[in-house]
């Protein structure tokens, strides 16, 4: 059955990417929503059921606003049509979980399985981003979304001790960086989003393998030195600490923003990124530095091999930094 629902999500991605009509894009978004809800309900308990209701209601609300904007814009001209496009923009912000429309994401994240959360933070954001790329939007409102997202993503995760919510607020911050690239380069958007997705997959793979839920567990669990190093490297890379790989896409975004003369936005994004880096450093030090490591070798599973490979991918930034 999950093959069927995965196929629905894949079909929605193809439909949105191949369509030039907002109406067809709306249909693709609805197909994506219907395909994702069964993944939320994978565990038969009250937590995922509540999360599925929150997700459905939020997506239905955003889809209603989106459809209203599409239908109104088609019958309007000039400034009136532009104001109707604002509804489309706000609806996509809600679907992306961009601040200040982010409240539904942390509230539904806690009961989710780790890989379902990964899908929510990556795969489910692809369709709205494709729509953003295919349309021309109002820059002022886009920059508001960028500033809110990087700030809320930085501040929101500082006081969190639940690992899922920390990753959620980090995702909100990263979405701010992705939105900032919409005016710069399509290839840069793809590079940043793919890099973020791979680094997040590496972190989720390690956390899922070790069955970690809480920040305290990272310092109290009996990690081997190999797993501790994997957590340490991937967290620092996802936080964007130079010279790890996660820093390179951010550096490229900042460089292009400087070339565009957006100096105030660059300073604001750097400050907010430091907040995100702070709580990733806290997680990394809890897992590797502030504890006695278990210097033993463990049986290597497929998941362990894959997460180790992604850790080496994170270290690739060290090599690239020396080359440039």
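Every residue gets a Cβ built from N, Cα and C, even glycine.
Quick look at what TrEMBL lists:
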- 19-275: domain 'NADH:quinone oxidoreductase/Mrp antiporter transmembrane' (DOMAIN)
- 1-18: signal peptide (SIGNAL)
- 55-74: transmembrane segment (TRANSMEM)
- 86-106: transmembrane segment (TRANSMEM)
- 112-134: transmembrane segment (TRANSMEM)
- 141-163: transmembrane segment (TRANSMEM)
- 175-208: transmembrane segment (TRANSMEM)
- 220-241: transmembrane segment (TRANSMEM)
- 261-281: transmembrane segment (TRANSMEM)
- 302-323: transmembrane segment (TRANSMEM)
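By the Cβ criterion (under 8 Å, sequence separation of 6 or more), the transmembrane segment (261-281) is not in contact with the transmembrane segment (112-134), since fewer than 3 such pairs are found. The transmembrane segment (141-163) and the transmembrane segment (86-106) are in contact, since at least 3 Cβ pairs between them lie under 8 Å (pairs 6 or more apart in sequence).
Non-local neighbours of the transmembrane segment (86-106) in the same chain are 22, 29, 54-55, 58-59, 61-63, 65-66, 68-70, 72-73, 120, 124-125, 127-129, 131-132, 135, 137-138, 141-142, 145, 148-149, 151-153, 156, 165, 168-169, 171-172, 175-176, 179; each lies 6+ residues outside the stretch with a CB under 8 Å from one of its CB atoms.
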